[in-house]
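What follows is a short report on a single structure.
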Amino acid sequence: MSRTYPSDDPTTPLLQSARAPREATYKIPESSRYVDGELGESELVLEKWNKPDVNKWRVLATFFSFIVVGANDGTYGALVPYLCNYYELDYATVSIVFLSPCLGYAIAALVSNWVHARFGQRGVAFLGSGFHIIAYASSAQHPPYPVLILIFVLAGLGNGLLDAAWNAWIGAMANSSRLMGILHGFYGLGAALAPLIATSLITTRGWHWYQYYYLMAGGATIEILTLVTAFWSARGRLVKEEYQGNIHGAHTKSSWKETLFNSLTIQSLAYPTTWIIYLFIFIYAGVETTVGGWIFTFLVRQRGMPEFTAGIATFIYWGGLTLGRVLLGFVTSYLQINKYTVATSVLICLAAHILFCLVEEINMSVIATALLGFFLGPLLPEAVIALANLLPKHLHIAGIGIAVALGSAGGRALVPV
């Protein structure tokens, strides 16, 4: 029997346990056996990062995309002092920059499953990275502050679409724990480099804050070219089913109520596990965003740290988060201690936070920040994997998409304020 790979079908199961057999197979419905426009066999095997061959380029493209996604989130905190000075606003008003992307994430949560089914990964790649380009190019024109807030909503929408799509696709592969750790590690890499580059260019090169967004626009341009090229053959499931329906004269209309209650997104909300993970990610995203967004300003204004040094500290935080996601994913998978990862990481994060609050010495502040980032790192990938293990396979994309998007939106909306 020839092997096919369920890479482009949004109904394909999302995640498998790291302990799953290398050649594990599973059955999916007749309507879900389409791969790049062709009908596959009834039994499918898990994709790998290098099988089929096109996955090598797709994986690289998603990794670069997550660098841009991370850089987008990591930039806000570093620019807060400069936005205050440029627009002559106080911190309370400028803190809205943390709120605005959450609206974009919320919109993405509502439409990501439909976009994925209608336009496929190719459409997600084009729309998500396209929103990035528009947002960054517009920010570089230093518009009025209310307009800038709306622009950041668009950037959040792009992030939300790409976040859900690439989590779903990478998570569906063999060795998902390790690959998810690497994927989120690239997010951390982007979030680590962004404040370092931004503060370096502003403090040592005399750039204005908005000139940094030319670099972001350039990165988003590379993002759209690589993603759309790599996923060009990844069409949406609904387009394929409509094509097959037209051939066989099987197209029927459903009422809006049937459409609504048959929606995978609505079905996923009926499971308590979705809301439990949503609450966990809600708290996690708030902590991650608060620390990453305000650590620079806090160290400069409250502890008298030079701006460049504070930028280094912010880089260390995001760098620790990156290493934590990559290294702990491999370690826990190898030692089979996944069930202890979350509890241990949370306890160490609490200890690092207490250390940071009680000891104001600069070196200890940096060490505590690094520890906090390192052990915060694996929590989000572990939450996504836990949700995938609890939800039925056909609800993986919808459930994880809405949990990640709404969780990130809620955390960004509540805690930074």
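Heads up, the Cβ atoms here are built off N, Cα and C, so glycines get one too.
TrEMBL annotations: computationally assigned, not manually curated.
Long-range contacts of the transmembrane segment (57-79) within the same chain: residues 7, 49, 97-98, 101, 125, 128-129, 132, 152, 155, 158-159, 162-163, 166, 169-170, 179, 182-184, 186-195, 198-199, 209, 212, 216, 219-220, 222-223, 226-227, 229-231, 289, 292-297, 311, 314, 318, each at least 6 residues beyond the stretch ends and with a Cβ under 8 Å from a Cβ of the stretch. Annotated transmembrane segment per TrEMBL: 57-79 (among others), in sequence order.
Summarising the annotation, TrEMBL assigns domain 'Major facilitator superfamily (MFS) profile' to 58-417. Confidence for the domain 'Major facilitator superfamily (MFS) profile' (58-417), expressed as mean pLDDT, is 82.
Annotated transmembrane segment per TrEMBL: 91-111 (among others), in sequence order.
Feature annotation from TrEMBL assigns transmembrane segment to 123-141 (among others). Sequence-distant contacts of the transmembrane segment (123-141) (same chain, at least 6 residues past either end, Cβ-Cβ under 8 Å): 61, 65, 68, 72, 112, 115-116, 147-148, 151-152, 154-155, 157-159, 161-162, 165, 210-211, 213-214, 216-217, 220-221, 223-224, 227-228, 230-231, 236.
Using a Cβ-Cβ cut-off under 8 Å and counting only residues 6 or more beyond its ends in the same chain, the transmembrane segment (147-170) has close neighbours at 7, 10, 14, 58-59, 62, 65-66, 69, 72-73, 76, 96-97, 100-109, 111-112, 115-116, 121, 124-125, 127-132, 134-136, 138-139, 176, 179-180, 183, 384, 396-397, 400-401, 404-405, 408-409. Annotation source TrEMBL lists transmembrane segment at 147-170 (among others).
The feature transmembrane segment is assigned by TrEMBL to 182-202 (among others).
Tertiary neighbourhood of the transmembrane segment (214-234): same-chain residues 7-8, 36-37, 54, 57-58, 60-62, 64-65, 67-68, 71-72, 75, 120-122, 124-126, 128-130, 132-133, 136-137, 139-140, 197, selected by CB-CB distance under 8 Å and a gap of 6+ residues from either end. Among the features that TrEMBL reports, transmembrane segment is placed at 214-234 (among others).
Here TrEMBL flags 275-296 (among others) as transmembrane segment.
If you look up TrEMBL, you'll see 308-328 (among others) marked as transmembrane segment.
Look at TrEMBL and you will find 340-359 (among others) tagged as transmembrane segment.
TrEMBL lists 365-388 (among others) with the feature transmembrane segment. Same-chain residues lying 6+ beyond the ends of the transmembrane segment (365-388) with a Cβ under 8 Å from its Cβ atoms: 14-15, 167, 171, 176-177, 180-181, 184-185, 188, 273-274, 277, 280-281, 284-285, 287-288, 291, 295, 299, 303, 312-313, 316-326, 328-329, 332, 338, 341-342, 344-346, 348-349, 351-353, 355-356, 359, 396, 399-400, 403-404.
Residues or ranges marked as transmembrane segment in TrEMBL: 395-415 (among others).
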Stretch-level contact, the transmembrane segment (308-328) and the transmembrane segment (182-202), CB cutoff 8 A, at least 3 pairs: yes
